[in-house]
Structures are given as structure tokens and as C-alpha cells.
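A.B. asks: I have a structure here, written as C-alpha cells, and I will follow up with some questions on it.
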Amino acid sequence: MKRAAVLGAGSWGTAFAKVLADAGNDVTLWARRPDVATAIREQHVNPDYLPELRLPTAVTATVDPADALDGADLVVIAIPSQTLRDNLGDWATHFTPDATVVSLMKGIELGTLKRMSELIVEAAGVEPDRVAVVTGPNLAAEIAAEQPAATVVACTDTDRAARVQRAIATRYLRPYTNDDVIGCELGGAVKNVIALACGMAHGMGFGENTKATLMTRGLAETARLGVALGADPMTFAGLAGLGDLVATCSSPLSRNRTFGEHLGRGESLEQAQAATRYTAEGVKSCLAIRDLAIKYGVEMPITEQVERVCHEGLDPRVAVRALMSREPKSE
Ligand SMILES: NC(=O)c1ccc[n+]([C@@H]2O[C@H](COP(=O)([O-])OP(=O)(O)OC[C@H]3O[C@@H](n4cnc5c(N)ncnc54)[C@H](O)[C@@H]3O)[C@@H](O)[C@H]2O)c1
Ligand SMILES: O=P(O)(O)OC[C@H](O)CO
């Protein structure tokens, strides 16, 4: 049995704590708010996120990161990507030597354009081969309901990846390993941007042809960026690429797709933010991904248009016209 700390008691942190407990680990969730920590500890529910989920008794909670991290061999982080750097300073001093630090986050840091695993290495001083990424078609509510799914554990240290794989395997979650951390993280971050585009398409009343086109061409631009950054192109055909893209772009449970729907119906960024409560990572990450594309000289036309709709007030219908009138190309 392992001791796991899950830092972040939102939708995915809470569902993942259940996965870890069901896989046989002792789990301490770190929550920001005392009332959430108390409810998890005493009633085994998180009233703010996935309130219908009854957590196993092997899950406890605290607001003190030192308590959560005490003796943890697995440190799992599930907070919004843009808040990671600020939190790592507080947390890193409590990391157990040789603990594996697992990122569940799917975003790119604004300004530095770093992936979350890079940020953990840089800001927490953790060696790169101690950082793993868990990513795949894993909508939190479906995992919490024990609907069967697979996921990927990406780590440059293949033995460590296999240890994390064993530590999170349950009857409803089947983890695969992969040593392509760059590709797995990019797949997770960029699919959120493509899900925003699919949501916009849905909000504008377009059907499956439009969404399939966005998913397919979205995957093409994701793979182009990935290859420029050193990823294995095959990763994008796997769970962290195609798998997560399809789940997120197709599901009304996706916060990114839902956010896009609001924009597609003609709402402003502020109206969409007011109507949605949970983290939609693509809204901020589209800026960083657009900047990465510019930096590496990669064409990412869908990402470019999503950024314009989200941050420059472009009408999504004008974005569609821009995409459809690009110069003809071969596939
Ligand atoms: N929800 C999913 O289905 C899912 C699945 C896979 C990956 N992810 C990824 O997991 C990460 C977390 O997403 P989530 O779904 O749990 O989000 P969420 O919106 O459900 O919860 C966010 C959590 O982070 C906390 N938080 C917010 N601001 C913070 C700050 N400044 N410092 C510390 N904590 C803060 C909130 O209190 C909350 O507990 C994201 O990167 C997301 O892309 C989510
Ligand atoms: O709800 P979303 O849009 O953040 O997507 C959730 C997960 O990343 C799906 O794998």
C-alpha cells in the first residue's frame, strides 16, 4: 500500500482520490477550503464537486499541505494550471525525497509557455524522471461513476511509470504507460482548445460533420506542434491524443466544450465565465499554445481562431469563414 497526497479537491482531484483509494492506497486530499476538507473527512462527500460521489473511507482531507504530504510516496496535483507555480513554492519543501510527483493538469503556463511537468521540475526542484503525467479520456464524473475507461501514465523513467500504473489500476480504470511526456501533455492541453471550437460549432447549430472536421484537423495541428517540440507523432493516435480529444469534444460533461457552446451562442467571454463555474483550461491555454505555435513556426489555424474568439472578441461565425477560406491544401 502507498500513501498518496492529492493536492486539489476539485472535480478531478476528488474523483482521482477515489481511484487511488479503490486501487488500495491511503489518500489525503488537500482542499483549499476548511468546509470542503471537513465534509470529506466527516461525511465522505465533497459538497462542491461531484456531490453525489461517496468517497471511500481510505480518503481523508486537510487544509494543511504539510499534513497531506507527510510521508506521501505519490504526490498528485490537480489544480488549475495557471495557479500551479504559486502553489509549488509552498508545497515543494514538504515533498518526500524520491516521491513521484504526478500531474493531472492539462494546460500550458502563460508567458513561460511551459508544460506542467516542466514547471514542476523548475519551480519545485524535482528531477525530471520523478515527474509523471496521467492523462487520457477521463471525464471526472464518468470515472467517479466507475464507468470503464483507460488512461496513460507518462514518465521518462519507465520503471516509475510502471509503479504508478500499478498504483492507480482499478476494475474501472486501465492505465497504459508511455515514455513520451511531451506528446502526452500536449495532447491533453491542445484538446481543450479544440473542444472549445467544437462547443462553438455546437452552439452555432452545426452538426457532426463540422465537429468531426474540427477534431480531425485539430489533431493534425496538435501533432504538428508536438513534433516540433520533440514528441512522438504516434502518441497523438493514442489515448492521450485521439482518445482524450474525442471524449472531450463529444461530451456535454466537458467544461471546455460547454464554455465554447456559450461563445457559439453569441455570449461574450465574461458572460460565458459567469455561466460556468469549473476550470475550462483551454480558455487561457489557447493563448500560450498560439504563442508556442508562433515560436516554433507551426501553423495552428483552429487554435488561432479560438484565441481570437476568446480574447479578441471575434464573432465565431467570422472565425468559421476564416477557417473555410484558407488556401487549398493537401491533407
Ligand atoms: N474534471 C475533469 O474531468 C478533468 C479530467 C482530467 C484532467 N483534468 C484537469 O485537472 C485539472 C484540475 O481540474 P478540475 O476539473 O479538478 O477543476 P475544478 O474546477 O473542478 O477544481 C479546481 C480545484 O482547484 C482549486 N483551486 C482553484 N484555484 C486555486 C488556486 N489558486 N490555488 C489552489 N487551488 C486552487 C479549487 O478550489 C478546486 O478545488 C485541470 O488542469 C483539468 O484540465 C480535469
Ligand atoms: O471538462 P474538461 O473539458 O476539462 O475535460 C475533462 C477531461 O480533460 C477529459 O479527459
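A Cβ is built for glycine as well, from the same backbone N, Cα and C atoms used for every other residue.
OK, TrEMBL features for this one:
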- LYS191: active site, proton acceptor (ACT_SITE)
- GLY8, ALA9, GLY10, SER11, TRP12, GLY13, ALA140, ARG255: NAD(+) binding site (BINDING)
- SER11, TRP12, ARG32, ARG33, TYR49, LYS106, ALA140, ARG255, GLU281: NADPH binding site (BINDING)
- LYS106, GLY136, LYS191, ASP244, SER254, ARG255, ASN256: sn-glycerol 3-phosphate binding site (BINDING)
- LYS106, ARG255, ASN256: substrate binding site (BINDING)
- 5-159: domain 'Glycerol-3-phosphate dehydrogenase NAD-dependent N-terminal' (DOMAIN)
- 180-320: domain 'Glycerol-3-phosphate dehydrogenase NAD-dependent C-terminal' (DOMAIN)
A.B. asks: Could you put numbers on the helix, strand and coil content of the domain 'Glycerol-3-phosphate dehydrogenase NAD-dependent C-terminal' (180-320), residue by residue per DSSP?
C.D. replies: 110 helix, 0 strand, 31 coil
A.B. asks: On the 0 to 100 pLDDT scale, where does the domain 'Glycerol-3-phosphate dehydrogenase NAD-dependent C-terminal' (180-320) sit on average?
C.D. replies: 97
A.B. asks: Provide, as an integer number of angstrom, the distance between the C-alpha atoms of ARG255 (NAD(+) binding site) and GLU281 (NADPH binding site).
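C.D. replies: ARG255 (NAD(+) binding site) and GLU281 (NADPH binding site) have their Cα atoms 9 Å apart.
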A.B. asks: Would you please pick out, from the binding-site residues ALA9, ALA140, the one with the fewest other Cβ atoms within 10 Å of its Cβ?
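C.D. replies: Candidates: the binding-site residues ALA9, ALA140. Fewest Cβ atoms within 10 Å: ALA140.
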A.B. asks: Tell me which binding-site residues (GLY10, ASP244, SER254) have a Cβ under 6 A from ligand 2; sequence order is fine.
C.D. replies: ASP244, SER254
A.B. asks: Roughly how many Å separate the Cα of ALA9 (NAD(+) binding site) from that of ARG32 (NADPH binding site), to the nearest whole number?
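C.D. replies: Rounded to a whole number, the Cα-Cα distance is 8 Å.
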A.B. asks: Tell me the Cα distance separating LYS106 (sn-glycerol 3-phosphate binding site) from GLU281 (NADPH binding site), rounded to the nearest angstrom.
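C.D. replies: Counting only the Cα atoms, the answer is 7 Å.
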A.B. asks: Using all protein chains shown, find which of the binding-site residues TRP12, TYR49 scores highest when you count other CB atoms within 10 A of its CB.
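C.D. replies: Answer returned by the neighbour count: TRP12.
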A.B. asks: Max Cα distance spanning GLY8, ALA9, GLY10, SER11, TRP12, GLY13, ALA140, ARG255 (NAD(+) binders), Å?
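C.D. replies: Farthest Cα pair among residues binding NAD(+): 17 Å.
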A.B. asks: Give me the CA-CA distance between GLY8 (NAD(+) binding site) and ARG32 (NADPH binding site), in Å, as a whole number.
C.D. replies: 7
A.B. asks: Taking ligand 1 as the reference, state which of the binding-site residues GLY10, LYS106, ARG255, GLU281 have a Cβ closer than 6 Å to one of its atoms.
C.D. replies: GLY10, LYS106, GLU281
A.B. asks: Within 10 Å of LYS106 (sn-glycerol 3-phosphate binding site) by C-alpha distance: pick out those among the recorded positions ARG32, TYR49, LYS191, and say none if nothing qualifies.
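C.D. replies: Within 10 Å Cα-Cα: LYS191.
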A.B. asks: Where does TRP12 (NAD(+) binding site) sit in the DSSP three-state scheme?
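C.D. replies: It is helical.
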